[in-house]
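I have placed the structure first, in the form of structure tokens, so that the comments after it can refer back to it.
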Amino acid sequence: MIKETMRNNKLFGLWIYLMSDCIIFAVLFAVYAIISSNFSTNLINHKIFNLSYVFLETLILLLSSLSSGMLTIQKNKNNIKIIYFYLLLTFFLGLSFLLMEVNEFYKLILENCSPSQHAFFSIFFTIVGVHGIHVFFGLIFILSILYQLFYLGITNTIRIRILCFSLFWHFLDIIWICVFTFVYLNGVI
């Protein structure tokens with residue numbers, strides 16, 4: 001009974017955190033909508049966004065969501081090798097996504113499309129960057145679970161952490177789908 005209460009408290013706390021993150025991203029999307037409505041972003045978006053590259057980023061992140069979902073399924077089956085596999089797969093897919101995002105930022109800055117050039121670039125870098133920071137912390141979360149799994153084995157506490165991580169990771173995917181649709185697709189199409 002006490003363990004179930006602790007689990008529910010941790011999940012409730014995570015949901016509160018995720019809802020506060022929703023508010024942050026909602027504000028960022030509102031600012032983006034205001035800025036893009038006052039400026040012809042079509043000229044910028046057609047020149048700077050490589051939709052196939054961003055689609056590959058999206059595909060990688062969605063695959064990481066799939067591996068995270070498989071991790072959640074496996075957490076109760078006590079097969080630690082499979083749990084390691086899905087944690088590492090999710091980590092490397094997330095890292096690939098993050099490196100692609102950093103590469104995209106680097107190319108934009110080389111093309112003189114930095115945040116200091118225009119408000120559009122400022123909000124673009126902010127939205128994508130805030131999402132990237134969340135992915136980075138998700139990767140740290142994976143590393144901490146791997147460390148704990150190595151030293152403690154699979155415990156109820158680790159199962160709860162895996163569930164919390166998976167909820168967080170799926171949240172990041174939902175936010176990225178919004179970024180992809182609202183920022184990239186809306187500007188290019």
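Every residue, even glycine, has its Cβ placed from backbone N, Cα and C.
Copied over from Swiss-Prot:
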- 1-10: topological domain 'Cytoplasmic' (TOPO_DOM)
- 11-31: transmembrane segment (TRANSMEM)
- 32-52: topological domain 'Extracellular' (TOPO_DOM)
- 53-73: transmembrane segment (TRANSMEM)
- 74-81: topological domain 'Cytoplasmic' (TOPO_DOM)
- 82-102: transmembrane segment (TRANSMEM)
- 103-122: topological domain 'Extracellular' (TOPO_DOM)
- 123-143: transmembrane segment (TRANSMEM)
- 144-161: topological domain 'Cytoplasmic' (TOPO_DOM)
- 162-182: transmembrane segment (TRANSMEM)
- 183-189: topological domain 'Extracellular' (TOPO_DOM)
Please give the sequence-distant neighbours of the transmembrane segment (82-102): residues at least 6 beyond its ends with Cβ less than 8 Å from one of its Cβ atoms. 53, 56-57, 60-61, 63-64, 67-68, 70-71, 74-75, 128, 132, 135-136, 138-139, 142-143, 145-146, 149, 154, 162, 169
So what's near the topological domain 'Cytoplasmic' (74-81) in sequence-distant terms, Cβ-Cβ under 8 Å and 6+ beyond its ends? 149, 153-154, 158-159, 162-163
Which whole-number mean pLDDT does the model give the topological domain 'Cytoplasmic' (74-81)? 88
Taking DSSP H, G, I as helix and E, B as strand, the topological domain 'Extracellular' (103-122) contains 12 helix, 0 strand, 8 coil
Could you give the number of helix, strand and coil residues in the topological domain 'Cytoplasmic' (144-161) as assigned by DSSP? 15 helix, 0 strand, 3 coil
